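The domain 'Piezo transmembrane helical unit' annotation in TrEMBL covers 34-154. Feature annotation from TrEMBL assigns domain 'Piezo THU9 and anchor' to 289-526. According to TrEMBL, the region 'Disordered' annotation covers 155-184. The transmembrane segment annotation in TrEMBL covers 14-32, 39-66, 78-96, 291-314, 334-353, 362-384, 396-416, 428-444, 464-483, 504-528, 716-739.
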Amino acid sequence: RMFHDDELEESEKFYVGQPRVLLLIYALYNTLVARSEMVCYFVIILNHMISASMITLVLPILIFLWAMLSVPRPSKRFWMTAIVYTEVAIVIKYFFQFGFFPWNKHVDYTKDKPYHPPNIIGIEKKEGYVHYDLVQLLALFFHRSILKCHGLWDEDEKGDSSSSKEDTDDELSLTGGRRDSSGSLKSVNLAASVESIHVHFPEQQTAIRRKSSSSISQLSHRSSFSSHRSKRDVFKNINHTTPSLSFLQCKLPVIKLHCGLCCFRTLQVYVPIRQFFYNLIHPDYSAVTDVYVLMFLADTVDFIIIVFGFWAFGKHSAAADITSSLSEDQVPEAFLVMVLIQFGTMVVDRALYLKKTVMGKVIFQVILVFGIHFWMFFILPGVTERKFSQNTVAQLWYFVKCVYFGLSAYQIRCGYPTRVLGNFLTKSYNYVNLFLFQGFRLVPFLTELRAVMDWVWTDTTLSLSSWICVEDIYAHIFILKCWRESEKRYPQPRGQKKKKVVKYGMGGMIIVLLICIVWFPLLFMSLIKSVAGITNKPLDVSITITLGGYQPIFTMSAQQSQLKDLNQTGFNAFLASYRGETAALQFLESYGKEDITLADLEGNSNSLWTISPPSREKMIQGLMDFSAEFTVVLSWTIQRTLREVYPYYIKAPSDSLAKPIKQLLPGCKWKNITVSLVKNGTREWWVLNQLGKRFTSSEKSLELFIFSDKVSPPSLGFLAGYGIMGLYASVVLVIGKFVREFFSGISHSIMFEELPNVDRILKLCTDIFLVRETGELELEEDLYAKLIFLYRSPETMIKWTREK
């Protein structure tokens, strides 16, 4: 064997023989070492999320606009900048912890104010002010040690020294291609003396196109550095002029004389930044990749966070759910603004992806990075009236947005793909892709919005209707292809009946699903109040009695302490009193002791009886009429017995109409009460007393039992409020319509559904996508006409879909 080493073999045997836990620790450490720069990014972002100040804001912006955009990796200059900046930040924070500063004398009063200047800058006095900065510094030094171990720490300086020995100034101006961020930043050589200043720009290499083939995308970093000399030889043969470079070189002495040293300092900062982004937009080589799906998923997660945590972005920080707000026909402003902004960025990102413009993506990245950080750390704290570090939902949203920024920077660094063919869910033909794709198509308006956006931002000769037709055919053929592939993986022999596992698995699941849909309203209304329902106890019980249309003779209400709950002993005695009465027990079956309230009303009316003398005389005459159904005893007090007028048991349903409970009244007869008119000088009032009370012994009082129906929880009230018939109309009938479409009308689609082999049609659709991406628009029209003819000709369709 070549390259055989006994020591290496022994080392490998020793490593394999270690315990699994130790091997896991080794693997985790190796992963940490391989992605040590990601550990630094994570710690820096975490430090900024917790501190949320201007001091910690600088490094996250540099990560997304410098480090992650550097090719092939961040330079030594970036890591030294991060290390030195962290050390300076630690010293500054330590210096401002002394108590003699004025703002440190009232820390408890100002620590929660988001716009307090020390809080914004990050120099406030607090416990553990430097913990995360030390962890950040430790991570940076750990990454520095890893780079030194692999010989990558001084790589940039070596490359610069060797190139300065071999290349002339003119060659450097021609070889200002995309090497790495340090090379681009060091392409400007501004001498210390004022007399000699030389600025070198790369030429506009229009002849060098972005190479996106698969072979170039697989280039390693080592091969790119080894081919540096060959690229330089090629660039020597290119003879182009750069007007902007010549103009700047000619005008530099004039600029020096008129503007002085300040302008040169500005130019010293501007030129490397311009060089960096120029090399980023016009690369020599790019390993083309496509991470749009991951960026879309990150935006989707942020969208979900906004929907379920919209209250964290508004002025009031009380937790709420969007369903309860929408059930009250209220659209919170914070929710509306955040949803529109998030949705707008997703649309712009889709447009840039379809147009494949790296420059637009760079501009969008810069605007989004500065805009998000300015809004999250300067505007949002003022809106919510609390610091960003105290807003957990906003911190989660920002962290996911940082993941999006990282993916976006990776997309810019590698370049957009030259061809966008179909949906990302249609790359494989299995059950997972099938169900995910069908779920994607079930989302309301998502398929239509995607189709229209693709048509708007893609070069094509097809009309919108033709475009949608192709998309629909492609989706239909993909679904058929998935089913045909599943039939090949799990073939069914001819003449053999279906297995019971398949019949009872699929058929039984459909049966259970249909039964649940049909009886869902009844089950829902029953469980929502019996299991999840809450007791709605009365707060006020009022009684008003009026005789013959005259002024009410009695008004009384029971509140607070007069509304009593039944204990278990009283409830058992109450049930025992109706033993043997089926109707009453059936009614009481739905109620517990917590649903019953006993109202103890005072017998004396709480208002004086101020009736006019004529009405009083007429009322007395009516009471003295012996032909009436009740008898009256007249004295200084008028006393009569009112038979079967008092309900005694009241049911308080979920609506506002309270009804007497006839099942609990023996023989459906109401209770008797006595009514007395008491006169004290010129003042008169009525006194009522109930006959046959259960729990109250006072002679001048009324008892009233209130049975309160359970109501649905507030979060489900908008659904339960429609009632059983409303649920049947809105849920069962709508779902039933879709199910009926699945089981009916099959005969009309046999020629498009029963296709044995769809490979040729699928290839025709992908060919349309391919020629569209390559710019062959005339061929796109021809292939589309061929596809339409195929669907218009059943005989041709049969020939095309035969098994090979």
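Each Cβ is built from the backbone N, Cα and C atoms, and glycine gets one as well.
Looking at 291-314, 334-353, 362-384, the range that has the most CB pairs within less than 8 A of the transmembrane segment (396-416) turns out to be 291-314.
Take the transmembrane segment (362-384) and the stretches 78-96, 334-353, 428-444, 464-483: counting Cβ pairs under 8 Å, 334-353 has the most.
At the 8 Å Cβ threshold, with sequence separation of at least 6, the transmembrane segment (78-96) comes into contact with the transmembrane segment (39-66) through 3 or more pairs. Same-chain neighbours of the transmembrane segment (291-314): 320-322, 332-335, 337-339, 342-343, 345-346, 349, 353, 380, 383-384, 391-394, 396-397, 400-401, 403-404, 407-408, 410-411, 424, counting only residues six or more beyond its ends whose CB sits under 8 Å from a CB of the stretch. Within the same chain, residues 475, 478-479, 481-483, 485-486 sit at least 6 positions outside the transmembrane segment (428-444) and bring their C-beta atoms closer than 8 Å to a C-beta of that stretch.
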